[in-house]
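Visitor: The structure that follows is given in the form of structure tokens.
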């Protein structure tokens, strides 16, 4: 197999030279400040070897990638009862669409679109006060990444609170259908803040390692979830992790993954590696343009697609 570090560095160099970088998100004003030329890539293999290139130690707003971890946390709290509140099917619609909620009586299609993640956040909140719920989410991320310095970018959270009218509409619609239990402003406050967690590619790849190794971090030995649950989270990431671009990502990359409008992608090569990439420019579906291309290059070079070489 090609040397992992060399492959990662070659891909990063190619991405740095590409003129087609996508468009930085502007609907959350604070995200519009991101450097469109930034690019980072980290791969952590089963032995704990880290291959990093580019801006791999620059923190960025993980946004919807946090939904992987809130789903994991909520499943640990309520188990499969969670699936009564949220589905497991791709949406085929933009991540902040309200149309399907109207047709499907307030039940979100999956936990990775905004409505679904708000419903999952509400389940976590039901056991806590808002500050406690947010603290539990943040501590879980710090535990997984083995890094207590991970924090919430308060400027991003405030920016989302000021402009999150569509998310408020989603939450209120679900509240009207009995899907949301807590006060809408509490649920949205926790949701906006966990989406505003800032991490580096290195921290994010470390946090995702349990999904690549049957629910266990192979370096620490910590069992985060049972193997069956890890497989199922990966399955939802594969089919729903990139909004209405999920099919394209599966077709081109062939790995479970979750994107965020901050330009990050967490990808999982089962049994092999956890991967994090960051490039702020987005495609039409709200996914990192160069991030997806870089992951496609990586899986082709290493033969890591779950569908075969």
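Every residue gets a Cβ built from N, Cα and C, even glycine.
Fair warning: this is a prediction, and the values are worked out from it, not measured in the lab.
Feature annotation from Swiss-Prot assigns substrate binding site to 64, 114, 160, 167, 191, 243, 261.
Help me picture where these features are in the structure shown.
Guide: Counting every protein chain shown, 25 other Cβ atoms lie within 10 Å of the Cβ of residue 243 (substrate binding site).
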Visitor: Can you tell me how many other Cβ atoms are located within 10 Å of the Cβ belonging to residue 114 (substrate binding site)?
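Guide: Taking every protein chain into account, the count is 23.
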